[in-house]
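**Q** Sharing a structure below in C-alpha cells format, with a few things to ask.
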Amino acid sequence: MAAYTKIVEHPVDLGKVCRRIRRRQYENLRDVRLDAWRIFANCFKYHSHPSNRDAVPSFVSIALHLRDLFNDLWQEHLLPSDFPPPAKTGTGGGRSRPPDYHAAMRAAMEQRTECRKKRLVVSGLSVMAGKCLERAAEALDDLIENGGLVDPLDTKPIWGEDIAMDDDDESDLEVVLDNFRKLVANLHEIVGNSEELSVEELESNVRKCYTEGDGLESMNASLRIRIASRMDRFLGQLAVPIHEATCRGVSQSSIWGCMAAAVWARESSKKPFWPALVLGIIAPEDQKEDWHKFLTERNEARLPEKLKSQLLTGKRKAEQAVKRQRQGQADPQSFFLVEFLGSHEFIWVREADIVENFNPADDPNKKENGHRSKKISRKSLANILGSKTYANAIEEAQWALEEFELQLQDIGGAVDMRDEEDEHEEEGYSYSVLSQSDDDADDDDDDDPITEDLDMDECNELLATNGLLDFSVAGRKRRAQILKQQKVNAEKKQKNVKAKKARADKAKKAKDEKQKEKEKRQEKRDLEKKRRKRMREREKALKGVQHQKKKRKLSDPAPGRRHLIVSKRERAEAIVFGYVSRAAKSGVYKPLGLQGDQRLILSALIDSTNLSGMALAFRASAGLIPMPKQDTGASGKFVLMPWDKIRLKGKKTSEERSECLLKQIELLEKEIKLRKASKMRRERRLKGVLEEVAKVDMSTFEDDKLSRENPLKKSKKPHPLAGKKRKRTTGDGKTDAKKNNGSKPNSRERSQGIKRADNANSKDLPGDATNVVAASTNIKAEDLDE
C-alpha cells in the first residue's frame, strides 16, 4: 500500500464514487466523469510504472477496456438523441460573434457518431439470439408507445395525439409506425423459432423501416433526421453491451488479449507447433476485412511499451511482405500476431506456419511433416511434447476456447434483475453495497475531502483524451517536470502563507498584550470604586442616630397568605424550579444538550441512551419525525405501500384497469381512516398532557412567587417628641415608678419585656416563623442595649 500511495497521487475507487453520488456531493456530471476516469488512470499508472515490481499487465488491459465501456455508456445514456441547434453566425468580426453554448455538446455527439460506426464494424457480425432479441423487441415497442422517446433525456416526442403536423407527414408516420410494428412482430417470431440475427442485419432492418416504403422516398428531411437520430440511439444502447463482450479479453492471455481464434502456430518450419491465440491480423487486399485493423490496434494498445517496440520490427516485415504480394512478387498469404500459451511469448508468424481450428486430439506434431526443410529429432520432439509447459499450454488453450464461447453465447442478452442483484450483492460490487458507509471508508473520505485541490493539468488532459493519460516514457518525463514545477509553486505558496500567519500572530499578540493591560487598569478602577462605596456606606451607618435607624417588626400575614413556605429546603426548591421552568421556556439552555451546535445533528453523534436519543425515539414513535423510506432488513430497497404494488404491465382492458384502480382506492381509503383515527388519538392524548403541563407550570409559578415574599414588613417608629403632647401617666405608672424607687428600668429588663411581648405575638405563626421572629427580636434587644 505504501508503494501505491507513492505512485498514485490522487487515489479513488468505485466505492468512494458511489458514496459521493449517494450523498449528493458532486456539483455536476463533469466531476463524476473525472473521478471515474481517474479510477482507470490510476490502475493504468500503477501497473505500468517502472518501479512497481508487482505490476500485472492484464490489469492495464482491463482498465483500458472498462474505460472504453464507460465512455460508450456515457455517450448513449447521458447524451440526448437530437443534435443541439446550430451556432448563430455573427455579422461582424470575431469579437462580435455570439458565443456558442452548445459547442461542447455538438462535438460530443459528433464523436459519438464516429464511435457508433466503429462499434458497428467491430460487432456487426456478432449474433443476437434469445434474450438479446427479446430486449430489442421490448425496447422498440416502448419507443413506439412513447412517441419516439428513447428515455427521459428525449423531451420532444415525434408522434402522438398532441403533435401537430401536416397531412403528408402524418401519412408518412403511419407507414413508419406500421413498419416498426412489423419489425417487432418479426423479432418475436425469430425468438420463437430459436433463430439468430446479427447486429448488422438488425441495423439494416431498422433503417429500412423509415427509408423504404410507400411514399417514404419523399418524406420531409427534418422528420427523417429526427427519426434517424432516435433510432440510432436505440441501436447504440443495444450495441454497447454486445461490443463490450466482443472486445473482452480472455484470462489465459498474459495481457488479457481479445482473441480472434485459437490455433496451432510455430515460429518457423524448424520449430514444433504450439497452442497459440491470434491477437492481430495483416491480410492481403482481397482477404482484408475492417475488423482486422481494429482487433490489431486494440491488442497492440494492451501490450507493454517495451514489448510493443520489440514487435514493431516483425510487423514492418509483415507489411512489406504484403506490399510485395500486391506487386506480384510473392505468393499471397496473411500474417498473424500470436501469443504462445504456456510461455506467453509474442511473435508475428506467416499463414503457412499456422494450423487453424485448434483441437487437442489432432496434434500436428504427431503427424509426418515431410515439408520441413530440417526435421526435428525424435528425441527432441518427444522431450517437447512430454514437457509440463506443453501440457499446460494445451490446457490453457482449451480454457480460452471455453471462455470465448461463453462470451459469444447469447451475447448482450438481458438477465433476470433479481438474480443479477443477488449475484452482485454476494460479490460485493453492487451500487447498494458500495454506496453504504463504514468506519474505514468515512475516515478515508475525511482524509480526502471533496474540496481538495486536484491537478488541473491532469483534469484537462483527461477531458481532452476521454480519460486516457499518457504514461509512456516521454509522458512520464513531461509529467515529472509538471509535478516538479507544481511542487515549487506549492512550497512558495506555503512559505507565503506561513509568513502571513506569523505577521498576523505577532500583531494579534501585541494587541492582546494591550488589551490585557487595559483590562487590568479597568479592574483596578472597579475595585477602587467598590472600596470607596463601602467606605461611604460604613461612614453613613456610623453617623446615623438611634431614632433614625430602620427597624423591622413582625406583622400579621395578609389575607390569603396563611399557607406560606416556611422550610428553607422547600423555599429553595420552589425558587430553583421556577428558575429552571423560565429558562426552559425561553430556550436559554437548549444548546447545552446538543454541545452548542443546533445547525446539524449527525445521527452518528446521537446515542440512543442519552436524552437526545430518547427524545428523538419518542418523537419518531409519535409520528412527528419522517422515517427513512428504506427497509431496515435489506438496505437499498424501498418500502412499497400496498397500493403501490398494484401495477399495470402491458396492454389491459378498461375493466381490468378499473378493477385495479378500485383496489387502490379501497386501500387508500382504509389507510386514510387509520391515519385519521391515529391523529385524533394523538391529539386527545396531547391535549391531556398539555393540561397537566399547564397545571404544573401554574403550581411552580405560585410556589416561586410565595417563596420570594417576605412576611416581615418595614415600619418606622415615630419619635416620641414628634408633634404630639405628652400624656400624663396613670396611677399604675406612679405605682410602678414608686416600686422602682423613681428610677427608669434598665436595658436588661426592657429586653426581657420585649421578648415576652414578641413571643406572645408570634404564637399565630407556624413552625420556623417563630424562630425567625425570635431571632429578629433578639437583634432588636441587642440594638437597644447598645
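Placed from the backbone N, Cα and C atoms, the Cβ positions cover glycine too.
These came from TrEMBL, pasted as-is:
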- 1-54: domain 'Bromo' (DOMAIN)
- 418-453: region 'Disordered' (REGION)
- 418-428: compositional bias 'Acidic residues' (COMPBIAS)
- 437-453: compositional bias 'Acidic residues' (COMPBIAS)
- 484-561: region 'Disordered' (REGION)
- 502-529: compositional bias 'Basic and acidic residues' (COMPBIAS)
- 701-786: region 'Disordered' (REGION)
- 702-712: compositional bias 'Basic and acidic residues' (COMPBIAS)
- 713-728: compositional bias 'Basic residues' (COMPBIAS)
- 729-739: compositional bias 'Basic and acidic residues' (COMPBIAS)
- 746-758: compositional bias 'Basic and acidic residues' (COMPBIAS)
**Q** Per-residue pLDDT averaged over the domain 'Bromo' (1-54) comes to what?
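**A** Mean per-residue confidence for the domain 'Bromo' (1-54): 87 out of 100.
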**Q** Using DSSP, tally how many residues of the domain 'Bromo' (1-54) sit in helix, strand and coil.
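**A** Helix/strand/coil tally for the domain 'Bromo' (1-54): 35 helix, 0 strand, 19 coil.
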**Q** Using DSSP, break the compositional bias 'Basic and acidic residues' (502-529) down into helix, strand and coil residues and give each count.
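**A** Here the numbers are 28 helix, 0 strand, 0 coil.
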